[in-house]
Amino acid sequence: ITINEGMDEYRLPTHVVPLEYKLELDPLLPDISDPTYFNGIVTIKVQVVTETHVIVLHYDDLNISSCSVTDLENNNDTEIAISMVEEYNFYKINNVEGTFEEGKEYSIEIMYEGYHRDDMAGFYRSSYKDEDGNTRWLATTQFQATSARRAFPCFDEPGIKATFEISISRKSGLGAISNMELDEETTDDEWYRFKTTPPMSTYLVAFIVSDFEYGSDENTLKMDEVAVPDFSAGAMENWGLCTYRERLILFHESASTAQHKQSIATVVAHEFAHQWFGDLVSPEWWNYLWLNEGFATYFESFGTALVETEWRLPEQFVVRYVHSALSADSSASSGTMTRDVASPSSIRSLFDTISYSKAGSVIRMMEHFVTTDVFKRGLNKYLIARNHSDANEDHLYEAINEEFQASNPELNVDVKEVMYTWTRQAGYPVLTITASGNNLEITQKRFLLGTLQRPREDRVWTIPLTYVAQDGDFTDTKTKQWMKEATESITRPSDQDKWYMLNVQQTGFYRVNYDAENWQRLIDYLNSDEYDKIHPVNRAQLLDDALMLAREGELDYEVALDLTNYLDRETDYIPWYAALSNLAYLKRRLIGTDNYESFRTYILKKIDSIYNSLGFEDSDQHVDKLHRSLILTWACELDHEECVAISKEKFNSFRTSSSKEYF
């Protein structure tokens, strides 16, 4: 990946690097009853890497009143002239006397005024109503991706790390927290002073000034979790101070749903995963955002699964993240995982399904083709090598490939070469399988949905093939063969009168389309009492692939709907989630047409058995609660007479109940 022409105009020069920041803030001015601005002083110790006439910082919406530069070798002030380039948020410090000399260290001190805006970015203001209806103001931060420059002039790029000493003036009745613990020795009646951070990126700096009560445990490393009344992101992984939307961290035992409970657990796990993937090791530049968000998405499920072992999160990951990523990535306008960005607006566009769900899905695929043990050893090596530094994708591949090659010296497979085909080109393949005697002929092409004028495609992915035969082992996800070209031939894994399946447990990020004969064998098997011998994830995969292939016209809808016919015997949440996610598209297209009643009748017939089995009364099983909510939602939306009647009865009972504490 190379920076496109003109895109480097937004990047800072590399002549100077910061070593440490000392930041003093006087927030919530002029008065706590209606705060609009704050005052700040930042002192930045920098080192000159290459001789230069100018030091360039970022700033945004700050009124800078003074700037001085001191040569730390002789403690002499340097005569400077200031210029600004607002389009790029550049604050340029020009050396009038000559140059900033290579190898020297300088101290930059800037005094300024900033604004507590209410757009939930930078050092912004938020509020809530207390029990008496009074507005209570607070000031909080959200710096990712390019808003630290709204709080203080800085080198606001993710790969430029430095330490931070943060001080915040005391306000009557308010407390303050930041990334690190309070420094008890230097904190006084006028200032909260916090311990020095490890080297970190500017977007991870955080501080909050509020009347919240802050808990602490002196026996553990600090990790504050704060619910912020006004918060645009879902959550933010600031070093030692994670911030959240209230609904993604606050839980009420008698009111919160099972889905809400699961969301809180996985979101917290997502932010904790970032303490390694993003905080400890930060992206070299935002085009590698997926190194942050892909791993956090992966570990939010697989990390939580280590604690909540009954939630089936590894299986849920497939239907919630892999399937959603396959859907989003089927557009001709889909972007690559690693993609060029420069301006703040283009950087914001990266925070999408590709950087989160597709990246997490491709990481899961990599884990399976290198094996879990190799994956863990490689990640450990990567995190140690890039500790408190930055990284690009090559650093990751180098660490994992070293372990992979040591374990598989006989394979002619390089992790980087494989992964580049997934991270540096958009989309993903659909594999079309045709039986030819004892062989299967496989072709790959990009799967595109709803594109009338298709772009010419000559893309080829390096695909780890896994497959299983009827009565085979669905726990074996080891790569059986590599597909590196547009076509491949493999030995048929099953007898000719039995079905076979590719993509065991859907570990690969691709779709599969079979010939008519194999589709029919799979349909017949699903409609038998042995249907559950096919792994639940692969039943979900069959439903998702078939209905999406039919939607695109790659498979006759008669085949796809024949596949759904078995659902009246299906009892598992995972296939039902996949089925109803896809059938929602048909529901939207058919509602209001003459065919909608036939669709409604068909789906009600399919869900009748599982509806009666789950009922309305909660069980103690977490996944059953998720399943019940899904089925009852569909039943009532499709005007299932009993479902609507019982729902109305329960709602009326609630309205007349004296216990509404959670409203």
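Cβ atoms here come from the backbone N, Cα and C positions, even for glycine.
Automatic prediction, not curation, is the source of TrEMBL annotations.
Features as listed in TrEMBL:
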type: ACT_SITE; residues: E271; note: active site, proton acceptor
type: BINDING; residues: H270, H274, E293; note: Zn(2+) binding site
type: DOMAIN; residues: 17-204; note: domain 'Aminopeptidase N-like N-terminal'
type: DOMAIN; residues: 222-422; note: domain 'Peptidase M1 membrane alanine aminopeptidase'
type: DOMAIN; residues: 499-657; note: domain 'ERAP1-like C-terminal'
type: SITE; residues: Y356; note: site 'Transition state stabilizer'
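A separation of roughly 11 Å, to the nearest angstrom, links the Cα atoms of Y356 (site 'Transition state stabilizer') and H270 (Zn(2+) binding site). Other than H270, H274, E293, the residues of this chain whose Cβ falls within 8 Å of the Cβ centroid of the Zn(2+) site are, in sequence order, E237, E271, A273, F277, G278, N292, F295, A296, T297, F299, E300, Y356. For H270 (Zn(2+) binding site), the same-chain residues lying six or more positions away in sequence with a CB closer than 8 A to its CB are A235, E237, A296, T297, F299, E300. Cβ neighbours of E293 (Zn(2+) binding site) (same chain, under 8 Å, six or more residues apart in sequence): F351, S355, Y356, A359, G360. Residue density at H274 (Zn(2+) binding site): 25 other Cβ atoms are found within 10 A of its Cβ, drawing on all protein chains shown.
Remark: E271 (active site, proton acceptor) has A235, M236, E237, C242, Y244, A296 as non-local neighbours, by Cβ distance under 8 Å and separation of at least 6 in sequence.
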